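> Below is the structure I would like to discuss, written out as structure tokens.
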């Protein structure tokens with residue numbers, strides 16, 4: 001098996017756990033029945049899946065979190081395989097090392113692995129490895145696997161955090177693992193009244209597709225009688241708009257603004273790798289986690305751009321839309337780089353570039369300013385800050401930074417990011433300049449969050465069921481696997497299963513449970529032998545069989561069942 005280093009660096013696994021325990025807290029929060037909730041189906045039920053799983057290293061053993069962990073556990077059983085995993089760790093550590101330490105890491109790898117006698121590896125392979133240590137990862141192979149049913153009872157539901165266009169957002173906790181999430185509830189009637197089915201389904205599919213530490217992850221989808229629910233990464237640090245305008249003087253110091261801009265740039269790069277145009281970059285859509293790292297949220301206006309094509313659409317938020325969007329021209333990813341320019345400007349200046357704070361101005365006037373006016377810079381901006389804002393806020397998209405054929409790589413090369421090591425940033429190894437206070441609440445008071453009015457005159461019927469079935473598909477594979485690992489459930493349940501494996505294999509089959517009426521009528525039949533008791537005894541057998549059939553195959557549906 002040829003091993004490669006892809007995805008998140010293996011060496012940063014322990015640090016990943018440190019920074020991704022957000023949502024668990026000091027107490028695990030697991031339900032007392034967590035082991036029963038996470039009980040997997042028997043091997044016999046999963047046996048047929050082996051015919052549909054592609055034997056691909058990148059996905060099975062690296063991209064899939066539990067697959068990666070199982071693969072590493074397997075490799076520790078063999079000295080040869082263990083040494084190869086150690087090589088992977090060393091290469092991953094080299095890739096995220098600071099520049100001044102990188103040469104020492106490289107020499108250490110050469111001395112430890114390449115100069116050691118490795119008869120099983122050819123000289124040609126060694127030479128090739130010296131120059132080529134990376135390969136592209138493949139897509140997730142488990143997307144088609146049958147998912148466990150997810151309902152509102154999978155979670156505990158807590159306070160309302162805010163509201164969106166179709167409903168409210170509240171905090172929730174997975175009963176089985178104790179992990180905290182944000183639950184975005186979309187009211188079915190409100191979606192139908194606004195004809196928002198395509199928009200909601202599009203956001204769900206795009207969130208399923210993207211697995212980036214700089215973009216909010218989708219973990220579960222489910223439905224209730226009134227709502228469709230997206231269960232997303234919880235971001236307890238609030239949004240950038242709250243921090244810009246409600247935490248002292250408006251705006252940030254340049255160092256903090258540059259750090260957030262670098263992480264947003266990485267998020268846009270990850271979206272663009274999947275051919276996704278975000279189209280709604282603004283401070284309220286950038287959220288902070290417990291440690292001060294940011295994620296891009298709300299992909300409601302995002303769109304997948306076909307390879308070699310352009311898209312068109314006058315969508316976004318007034319004051320943040322690029323000139324080509326306002327003019328209804330075709331574009332690819334240029335509006336997102338314009339949005340990054342607006343974001344950097346607002347973080348430093350404390351107001352948006354084309355609209356003053358609390359200024360009451362018509363939409364047409366704001367759009368005129370975007371098309372024709374030049375933004376003004378105060379003494380808060382350094383020369384590098386002015387430079388990147390001007391290059392990102394260029395009216396002509398073909399001349400804009402990030403749109404000249406080099407994409408995110410061109411933006412990262414700007415001098416304002418000279419102190420940012422993007423390899424370490426992407427590996428989650430840089431400390432943020434600001435860490436939210438765990439005892440503070442960075443959002444509105446519950447009483448200040450407006451309530452939605454009741455939707456009248458809209459009725460749900462069977463024609464909506466197909467849309468609901470496409471939306472509510474249960475858990476998303478990769479985030480679910482991460483949750484199992486980070487919560488400790490994967491380790492605990494495997495330790496438990498290994499301890500009890502032998503006694504389970506040797507244990508006799510359990511006797512079927514008999515209810516009170518079964519025992520009563522059976523005794524009556526033995527004692528008196530009456531025809532009535534015998535008839536009742538026979539009827540009970542039939543009823544018990546139907547109960548078992550219902551438990552195993554769902555509700556009775558045929559007339560002959562009765």
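Heads up, the Cβ atoms here are built off N, Cα and C, so glycines get one too.
TrEMBL labels come from automatic prediction, so no person has curated them.
Annotated active site, proton acceptor per TrEMBL: 280, in sequence order. TrEMBL lists 184 with the feature ATP binding site. Among the features that TrEMBL reports, domain 'RGS' is placed at 63-156. Annotation source TrEMBL lists domain 'Protein kinase' at 155-417. According to TrEMBL, the domain 'AGC-kinase C-terminal' annotation covers 418-483.
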> Determine, to the nearest whole angstrom, how far the Cα atom of the residue listed as 'active site, proton acceptor' is from the Cα atom of residue 184 (ATP binding site).
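A Cα-Cα distance of 18 Å.
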> Specify the count of other C-beta atoms within 10 Å of the C-beta of the residue listed as 'active site, proton acceptor'.
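Around the residue listed as 'active site, proton acceptor', other Cβ atoms within 10 Å: 22.
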> Tally every other Cβ atom lying within 10 Å of the Cβ atom of the residue listed as 'ATP binding site'.
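Excluding its own Cβ, the residue listed as 'ATP binding site' sees 27 Cβ atoms within 10 Å.
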> Where does the mean pLDDT land for the domain 'RGS' (63-156)?
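Across the residues of the domain 'RGS' (63-156) the model's pLDDT averages 67 on the 0 to 100 scale.
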> Provide the three-state secondary structure of residue 184 (ATP binding site) computed with DSSP.
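Going by the DSSP assignment, residue 184 (ATP binding site) falls within a strand, counted as strand.
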